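*Asks:* This structure is in structure tokens; I'll ask about it shortly.
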Amino acid sequence: NDYCKIKCSSGVHTVCQYGESTKPSKNCAGKVIKSVGPTEEEKKLIVEEHNRFRQKVAQGLETRGNPGPQPAASNMNNLVWNDEQAKIAQVWASQCQILVHDKCRNTEKYQVGQNIAYAGSSNHFPSVTKLIQLWENEVKDFNYNTGITNKNFGKVGHYTQMVWGNTKEVGCGSLKYVEKNMKIHYLICNYGPAGNYLGQPIYTKK
């Protein structure tokens, strides 16, 4: 697959720039890498947690918000795992550019959006479910009627991508590493088709 042919206005495709290898880059020096990529069990948990939360919101059961509750949705797809999106997410995660979005991650099939999470603990690696819940919790600042604006995007953008009604597939890359005695779990999820278009409703209200 020639990713150099996939064009984004924002820049060069991640796989074109860094190649197909998911081996941690020399940029990861100083981090003791314990594992690269989600396990099969974690992949299942990622999809399950996304769909559990998407269904909760779709059914109108999410009471948090500014104001809450969030309206029910009529177009909330169930997400499935996409290996290609996961591979591209992993190539980027393995560059160790922590909490930075890559410039181009599209596939031939989709424009692709991205969520990034990072958490650490002194005694265990935080679970993927914990990381995804960080995104979910942004709902507390979200007003459905205002939608996504330049002003609120930094506070709610992970939540809005997570429950973007039209998104169909998710694929994630991850690293677990030790740095300064902290056990850190770093997760990047890529979403196709992408969400978070300014001025569009995040899902259709029921």
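In case you wondered, yes, glycine gets a Cβ from its N, Cα and C as well.
Values in this document were obtained by computation on a predicted structure and should not be read as measured data.
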*Asks:* Going by Swiss-Prot, tell me which one of C8, C16 is disulfide-bonded to C4.
*Replies:* C16
*Asks:* When you check Swiss-Prot, which of C8, C96 turns out to share a disulphide bond with C28?
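*Replies:* Out of the candidates C8, C96, the one Swiss-Prot links to C28 is C96.
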*Asks:* Just how many other Cβ atoms lie inside 10 Å of the Cβ on C4 (disulfide bond)?
*Replies:* 11
*Asks:* Give the number of CB atoms, excluding that of C96 (disulfide bond) itself, located within 10 Å of its CB.
*Replies:* 19
*Asks:* Using DSSP, what is the helix/strand/coil residue split across the domain 'SCP' (48-191)?
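*Replies:* Tallying H, G and I as helix, E and B as strand, the rest coil: 46 helix, 33 strand, 65 coil.
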*Asks:* Could you state the whole-number distance in Å separating the C-alpha atoms of C96 (disulfide bond) and C172 (disulfide bond)?
*Replies:* 15
